[in-house]
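K.L.:
Can you keep this structure in mind? I'll have questions shortly.
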Amino acid sequence: MKALFSVLCLVLLVSILRAAVTKPDSGIFTGCLRNRTSLENPITDAIFTSRNTTTFLSSYVSYTKNKRYSSLNYQKLVAIVAAKHVSHVQATVVCAKANGIQLRIRSGGHDYEGLSYTSSVPFVILDMYNLRSITVDVSSKKAWVQAGATLGELYTKINEASQTLAFPAGVCPTVGVGGHITGGGFGNLMRKFGITVDHVIDAQLIGVNGKLLDRATMGEDLFWAIRGGGGASFGVILSWKINLVEVPKILTVFKVSKTLEQGGTDVLYKWQLVATKVPEDLFIRAWPQIVKGTKLGERTIGVVFFAQFLGPTDKLMEIMSQSLPELGLRREDCHEMSWFNTTLFWANYPVGTPTRVLLDRPSTPGEFFKSKSDNIKKPIPKEGLEKIWKTMLKFNFVWIEFNPYGGVMDRIPATATAFPHRKGNLFNLQYSTIWLDAKETENKLTMMKELYEVAGPYVSSNPREALFNFRDFDIGINPSGLNVDEAKIYGYKYFLGNLKRLMDVKAKCDPDNFFKNEQSILPARVM
């Protein structure tokens with residue numbers, strides 16, 4: 001891994017040297033930063049430029065999660081500001097705007113298409129990882145969490161304060177809170193409690209003029225927009241105030257796999273009929289993936305069923321025997337544990353792994369990967385599943401997550417927040433693949449498009465919906481920030497009927513469209 005890191009740094013260094021003349025002088029920008037910050041909170045140590053190549057490269061790579069974008073247009077990067085104080089964020093916004101430099105905001109670096117750390121025009125990365133404080137108030141069941149904290153850090157802090165409080169969010173502990181929450185993050189508590197944005201009650205945001213805003217000063221329209229509409233189109237999210245939820249002391253989890261030869265297709269078909277109808281205390285995710293077959297060198301599809309129940313094993317066994325007996329769940333498949341320990345289970349750590357791993361922050365780049373998403377309105381027929389399996393087996397490594405809706409998700413209006421995917425959906429799909437060699441990239445992307453096309457007849461249509469947190473350039477991009485047709489395509493897929501209100505909010509809070517990227521919200525007048 002160290003060797004790979006060194007090679008990547010060398011590649012990036014060559015890119016810098018070749019294209020040094022194509023980007024603005026960082027000295028003007030950094031001078032602006034120093035002029036707009038105080039000696040009490042000096043910004044000098046938070047600034048990284050190519051004048052100090054080693055720290056510049058390491059700072060860039062540390063939070064680069066998709067290697068497809070690790071060196072793309074890197075030569076356009078003017079500086080990285082790893083803000084340590086709110087004034088650093090304010091100065092970065094004001095100075096970037098004043099100098100005509102695009103701003104990219106990075107909390108954890110998990111944007112699927114690298115939008116938090118790449119651009120085709122001169123840009124600055126505003127890194128939020130130093131702003132990671134978390135304050136939990138058990139008596140009010142509320143917490144403040146800064147955008148640079150990770151989900152693993154948030155879950156750990158909640159557990160330190162209470163063993164019966166939780167927050168409904170995702171399963172990857174290294175994901176940054178800032179982007180995850182604002183995109184409408186969901187996880188295994190969504191059927192019982194909803195998603196992240198359903199529990200946000202206040203926020204701090206730096207607006208286009210560098211002012212610090214909260215819910216009262218930003219207004220209800222902007223507060224609505226940043227809950228599910230993607231904060232990077234409207235400003236820089238500093239922190240969230242969230243409601244925590246009560247969970248039992250003991251939860252039950254299980255993981256059971258069925259290959260096609262063991263009736264995996266039949267079990268998954270039945271899962272489609274019941275996963276949204278079982279009690280909302282139960283969340284069952286299905287995860288088809290490529291596994292070894294029974295014969296040497298043979299491959300097949302194994303459907304893994306991950307589940308979490310807010311209660312004891314006895315009650316879970318009763319529910320499963322009535323709703324999905326085809327799975328053949330056994331008592332020995334079940335593990336009782338605290339909510340905090342379930343976060344390890346969902347992150348795919350072995351039972352018994354020390355919880356301190358939730359605080360790890362990997363400092364090396366991730367894999368090459370590509371993901372796509374869909375919403376499903378009616379069960380996929382068995383023949384459709386079989387077509388999907390056939391296409392999956394063309395890959396070396398690929399999987400699809402089937403995440404059920406239902407429960408409280410059916411009772412929250414599509415317009416309550418900017419996240420619109422509520423009643424009417426059975427489950428969503430996330431297709432993903434990873435690879436190690438850059439030479440495979442073109443082929444892998446083509447294969448993912450083929451898998452997406454094969455699934456097409458069985459998913460939502462007009463539009464074919466997509467989830468904003470599973471960013472996908474294939475559904476449309478808007479490089480100039482002015483392409484009306486492309487902006488409508490991806491905008492309607494992500495936000496459905498909420499798009500118009502998002503555009504109206506954008507026109508009010510950022511009329512000149514400073515906060516933009518290839519898939520941002522356009523101001524209404526531009527549309």
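Glycine is no exception: its Cβ is also placed from the backbone N, Cα and C atoms.
Swiss-Prot lists these features:
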DISULFID  Cys32-Cys95  disulfide bond
DOMAIN    73-247  domain 'FAD-binding PCMH-type'
CARBOHYD  Asn35  N-linked glycosylation site
CARBOHYD  Asn52  N-linked glycosylation site
CARBOHYD  Asn341  N-linked glycosylation site
SIGNAL    1-19  signal peptide
K.L.:
Among all the protein chains here, how many other CB atoms are within 10 A of the CB of Asn52 (N-linked glycosylation site)?
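P.N.:
Other Cβ atoms within 10 Å of Asn52 (N-linked glycosylation site): 11.
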K.L.:
Note the mean pLDDT of the domain 'FAD-binding PCMH-type' (73-247), expressed as a whole number.
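P.N.:
PLDDT averaged over the stretch: 97.
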K.L.:
By the count of other Cβ atoms within 10 Å, pick out the sparsest of the disulfide-bonded residues Cys32, Cys95.
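P.N.:
Each of the disulfide-bonded residues Cys32, Cys95 was scored by Cβ atoms within 10 Å; lowest is Cys32.
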K.L.:
Please identify which of Asn35, Asn341 has the densest Cβ environment, defined as other Cβ atoms within 10 Å, among these glycosylation sites.
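P.N.:
Output for this query is Asn341.
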K.L.:
List only the single closest residue to Asn52 (N-linked glycosylation site), chosen from the recorded positions Cys32, Asn35, Cys95, Asn341 by CA-CA distance.
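P.N.:
Of all the candidates listed, Cys32 is nearest in space.
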